[in-house]
Amino acid sequence: MSATSTRSSVTRKSSLSKSSSSDKSAKSSSNSSKSPTAASGNKQKMQYTKTRERMVDDVPLPPTHKLTMSEVYDDPKTGKPNFDALRQHFLLEGRIEEAVALRIITEGAALLREEKNMIDVEAPITVCGDIHGQFFDLVKLFEVGGPPATTRYLFLGDYVDRGYFSIECVLYLWSLKITYPTTLSLLRGNHECRHLTEYFTFKQECIIKYSESIYDACMEAFDCLPLAALLNQQFLCIHGGLSPEIFTLDDIKTLNRFREPPAYGPMCDLLWSDPLEDFGNEKTNEFFSHNSVRGCSYFFSYSACCEFLQKNNLLSIVRAHEAQDAGYRMYRKNQVTGFPSLITIFSAPNYLDVYNNKAAVLKYENNVMNIRQFNCSPHPYWLPNFMDVFTWSLPFVGEKVTEMLVNILNICSDDELVAGPDDELEEELRKKIVLVPANASNNNNNNNTPSKPASMSALRKEIIRNKIRAIGKMSRVFSILREESESVLQLKGLTPTGALPVGALSGGRDSLKEALQGLTASSHIHSFAEAKGLDAVNERMPPRRPLLMSASSSSITTVTRSSSSSSNNNNNNSNTSSTTTTKDISNTSSNDTATVTKTSRTTVKSATTSNVRAGFTAKKFP
């Protein structure tokens, strides 16, 4: 709802109130001759003055009742949540009790924790890509892909962030996982982590709709999500892509996934890497190159993909992670098998309400692969950053209140301004008078000596005029703030990033108007490529929190941990080392040790980027 529509509603209300007396008299005089049309018109007018009725009555009011434990877990025999009741309640923007949400999340996490890093799934199955908090499109996805009771599903991650219904997606998918633990599989995406959910919208959404404890429970559950799936022993299904440190499928099985994804390394690559833009038509022979679009991980080439497939006896790699105009993309075929070496699936239609893209799911059955596309579904509107309508309307209310006050004060004439001063005004007058020095008569030749007021009435007039001027200035300031607030919200709504264009605030109102002229309906985003280009900044890994500095500004403290012992379970690393900032590749100690070292900034940077990249950029699979 814009301020324009709000003002028009207020105008209608005021006009109705002004004519209410005349309407009543007309109604009493011509009650017998009143036509049905006039009666319906009066009834329609009166609707605008009823504060308990919704202006847009075709949008149902969200339910205030939160589903209880007995309403969600309504079958004591199965002990499983009623996902149908959850779906219907979430479609109405309803919520559930926090204890119910915690139970769903923890029970789902317990099931995910028991699964391996790479799970085995069999056809027939429906493979789905990114969801990104678009719950109403997730419901449409199940309509297209088939009911979960009779259809196997594999989701490739990115269930949260960017959209405003992320927690509904998590609770609904987790309830399906509890109900169908063997036929519905969930993988981890790059957004299922603390770093991105704090930077984007999921944490804020959890706090607004529930509490921070729900967010913490979700983060623990995300740490349990598997990293990959092997479909029919033919297709490797992951969220991102290949890694220069992963040569075989066994390398995935030995990773420690129960943690926050690091900023580099094989786990990061599985979640963040992308194929080259010119995949299949590369001009270099490098298998991996730095991913400048994401700001982390790598681009992998067609040659790297084909060699990985050949070494692991696979047919293709199925991944998500990148928005696609058609909802999917088939890359260059493998020359050996004649099958696409890489397939990307994206299941969030009209991504961010700006991309205008289709969504797709991949159905694999009887050795036949079908792509089913679908369009977006209507969903309720949320103001940016979950702003409520009262916060949004404060600039408008402030402007109108000060405008009313100025109009009231301007009604007084000059004679009324000096009539009957109150105690506060008298006190202010005394302060004005005592400012005149006592020896003013002895310094008549001193030009700097202030003169006494000509009269009490003139001083009263001047004081009140100054107050009116101050309120008038305040009114103009509120008006400017309200206009700029509307411009900022409009700009955020026109950009896929939800952020203002660079420099939009630097020049004040003029720069905001110029930015709006560049993003008006006449020059709106015309293509998928244009939207993707504007959103590129949000596809990068956000900057991480700065490391703790030591006493010397030229060094930082880092902790390295080396381990040569075998892992406690099949998901931990064996004979590998995990580091917070630097990599320990010596493995000289036979016991677990923690070493504190001081290194320069350049050393840390080279250890985390240059050295790692140089070791694997052109390295082929053994």
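Backbone N, Cα and C atoms are what each Cβ position is placed from, and that goes for glycine too.
The active site, proton donor annotation in Swiss-Prot covers His191. In three-state terms derived from DSSP, His191 (active site, proton donor) belongs to neither a helical nor a strand segment and is classed as coil. In sequence order, His132, Gly157, Asp158, Tyr159, Val160, Asp161, Thr197, Phe200, Phe202 are the residues of the chain that are 6 or more apart from His191 (active site, proton donor) and have a CB within less than 8 Å of its CB.
Taken from Swiss-Prot, the feature Fe cation binding site applies to Asp130, His132, Asp158, supported by similarity to another entry. Mapped onto three states, the DSSP output places Asp130 (Fe cation binding site) in strand. Taking all protein chains in view, 28 other C-beta atoms sit within 10 angstroms of the C-beta of Asp130 (Fe cation binding site).
As annotated by Swiss-Prot, Zn(2+) binding site applies to Asp158, Asn190, His239, His321. Counting every protein chain shown, the number of other Cβ atoms lying within 10 Å of the Cβ of Asn190 (Zn(2+) binding site) is 26.
Sequence annotations record features per position, and here Swiss-Prot assigns compositional bias 'Low complexity' to 1-40 (among others).
Marked as compositional bias 'Low complexity' by Swiss-Prot: 550-606 (among others).
Spatially close to Ser527 (phosphoserine) yet at least six residues away along the chain is no residue at all, judged by Cβ distances under 8 angstroms. Under the heading phosphoserine, Swiss-Prot lists Ser527 (among others), citing similarity to another entry as support.
Among the features that Swiss-Prot reports, phosphoserine is placed at Ser567 (among others).
As annotated by Swiss-Prot, region 'Disordered' applies to 1-74 (among others).
Taken from Swiss-Prot, the feature region 'Disordered' covers 545-606 (among others).
Marked as motif 'SAPNY motif' by Swiss-Prot: 347-351. Counting residues 6+ beyond its ends, the motif 'SAPNY motif' (347-351) has Cβ neighbours under 8 Å at 128-132, 134, 137, 140-141, 162-163, 320, 323, 327, 357-361, 374-377, 496, 531 in the same chain.
Swiss-Prot lists Trp392 with the feature site 'Interaction with PxVP motif in substrate'. Neighbours of Trp392 (site 'Interaction with PxVP motif in substrate'), defined as other CB atoms within 10 A of its CB across all chains, total 17. Under DSSP, Trp392 (site 'Interaction with PxVP motif in substrate') is assigned to a helix (H, G or I) in the three-state scheme.
For the recorded site, His239 (Zn(2+) binding site), the DSSP three-state label reads coil. Under the three-state DSSP scheme, Asp158 (Fe cation binding site) falls in the coil class. A distance of 38 Å separates the Cα atom of Trp392 (site 'Interaction with PxVP motif in substrate') from that of His239 (Zn(2+) binding site). Residue environment of His132 (Fe cation binding site) contains 27 other Cβ atoms, counted within 10 Å of its Cβ in all protein chains.
Spatially, by CA atoms, the binding-site residues Asn190, His239, His321 include one closest to Asp130 (Fe cation binding site), and that is His321. Remark: secondary structure over the motif 'SAPNY motif' (347-351) totals 1 helix, 0 strand, 4 coil, with classes taken from DSSP.
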